[in-house]
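Visitor: Quick paste from TrEMBL:
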BINDING   ASN152, ASP224  Mg(2+) binding site
TRANSMEM  6-26  transmembrane segment
TRANSMEM  46-66  transmembrane segment
TRANSMEM  72-88  transmembrane segment
TRANSMEM  100-118  transmembrane segment
TRANSMEM  130-147  transmembrane segment
TRANSMEM  159-176  transmembrane segment
TRANSMEM  196-215  transmembrane segment
TRANSMEM  227-243  transmembrane segment
TRANSMEM  249-270  transmembrane segment
TRANSMEM  302-321  transmembrane segment
TRANSMEM  327-345  transmembrane segment
Amino acid sequence: MSKYWIVFLIAAIVSLVMTPLARKLAFKIGAIDVPKDDRRVHKTPIPRLGGLAIYLGVVVSVLLMLPLSKTIVGMLVGGTLIVAMGIVDDIKPLSAKTKLAGQIICALILVYCGMRIGKFNIPFIEGAEIYLGYLSIPVTIFWIVGITNTVNLIDGLDGLAAGVSMIAALSLSYVAHVNDLHWIPWVVDANGGSNAAIMTLAIAGACLGFLPYNFNPAKIFMGDTGSLFLGYMLSGISIYGAIKGATAFATFVPVLALGLPIFDTAFAILRRALNGKPIMEPDKGHLHHRLLSTGMGQKRTVLVLYAISAALGLSAGFMSSSKMLDALVILFIASGMMYMTVGIPKFQKHKSTLKE
């Protein structure tokens, strides 16, 4: 059996076995999500320490299947710190400033280990690149912290963040495998396999093992423990697995693979800014809220968002293989789906006006 399948299965099994134990622990330590406002879709208290099972699935599979290098150790150490912060936050919410400071520290660990965005490729101009120089550190920190929070922000429905993260991880794994990346020492093991692909498959497997307990009706939430960890790991891996790929469009590949949470977060910031509200103020304007407002149930809403995420991931895969026409066609379809989702409130308002 291929090492790729082995790491995927190990992560899935560990996560599946550990999730019920994480649920019991959540009740013991008080990591419970009690619905306090109308933004929350669930009506009863739900334990929210499921991210611990995802973390264990990833760590166990990576330690068993990959040789330890400075970068891999750095990712595991940073991931462990962000999980610890998530556990504390799931028990007693931390301030936004405290969480941001913790995320920056974890991002600096990856920078110290050599994971930096050193350049951007310019599409349509062969060989054209923008080297960041000293700006590589702040740009890398911005990317890691940004993606970490985008995954955290879409964790609003049963199974949504876990499923979207799994799809994004599978997309990035394919990109890393296609790009081959043999010229980057840490990404390739002694047998020639892509470590970036293996790590993303560990994430995908851990998410899959968690989903039976998290899909609607959820028995447990991943909490900040899981969403921060998934965002952090995906952001770090994408720096090497996609941004440093060989194609001229390599810069856009991770943006597409993580397109749904990135778009939802960017749209939320723009929406709040235009309405004169603080950009960190929660609201009910996220994509999943808009789909729910049409009368869709949680399951159908999540499946629609899975489809959009999969389309964006497929577009990223085609782009990494330089199949630009295929990539653009699928991207056009996914963009149309997101545009219709964003326009739902206006359509409903127009419809009600016509009825009057």
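Each residue, glycine too, has its Cβ placed from N, Cα and C.
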Visitor: Between the stretches 6-26, 72-88, 130-147, 159-176, 302-321, which wins on the count of C-beta pairs under 8 angstroms to the transmembrane segment (100-118)?
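Guide: Stretch with maximum Cβ contacts: 130-147.
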Visitor: Under 8 Å between C-beta atoms and at least six residues away from its ends: which parts of the chain pack against the transmembrane segment (302-321)?
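Guide: Beyond its ends, the transmembrane segment (302-321) has Cβ neighbours at 157-160, 163-164, 167-168, 170-172, 174-175, 178-179, 215-216, 242, 245, 247, 249-250, 252-254, 256-257, 259-260, 287-288, 291, 296, 327-328, 330-331, 333-334, 337-338, 341.
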Visitor: Going by DSSP, is ASN152 (Mg(2+) binding site) sitting in a helix, a strand, or coil?
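Guide: The three-state answer is helix.
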Visitor: Which residues, sitting 6 or more apart from ASN152 (Mg(2+) binding site) on the same chain, put a CB under 8 Å from its CB?
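Guide: In sequence order, ALA161, ASP224, SER227, LEU228, GLY231 meet the Cβ cut-off.
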Visitor: Establish whether the number of Cβ pairs under 8 Å between the transmembrane segment (249-270) and the transmembrane segment (6-26) reaches at least three, counting only pairs separated by 6 or more residues.
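Guide: When sequence-distant Cβ pairs are counted, the transmembrane segment (6-26) does not touch the transmembrane segment (249-270), since fewer than 3 lie under 8 Å.
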Visitor: Residues sitting near the transmembrane segment (6-26): Cβ under 8 Å, six or more positions beyond its termini, same chain?
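Guide: Sequence-remote neighbours of the transmembrane segment (6-26) are 32, 47-50, 52-54, 56-58, 60-62, 64-65, 90, 198, 201-210, 212-213, 219-220.
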Visitor: What residues elsewhere in the chain lie close to the transmembrane segment (159-176), defined as a C-beta under 8 angstroms and at least 6 residues from its ends?
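Guide: Sequence-remote neighbours of the transmembrane segment (159-176) are 4, 54, 151-152, 187, 194, 196-198, 200-201, 203-204, 207-208, 210-211, 214-216, 218, 222, 226-227, 230-231, 234, 237-238, 240-242, 245, 253-254, 256-258, 260-261, 288, 302, 305-306, 309-310, 312-314, 316-317, 320.
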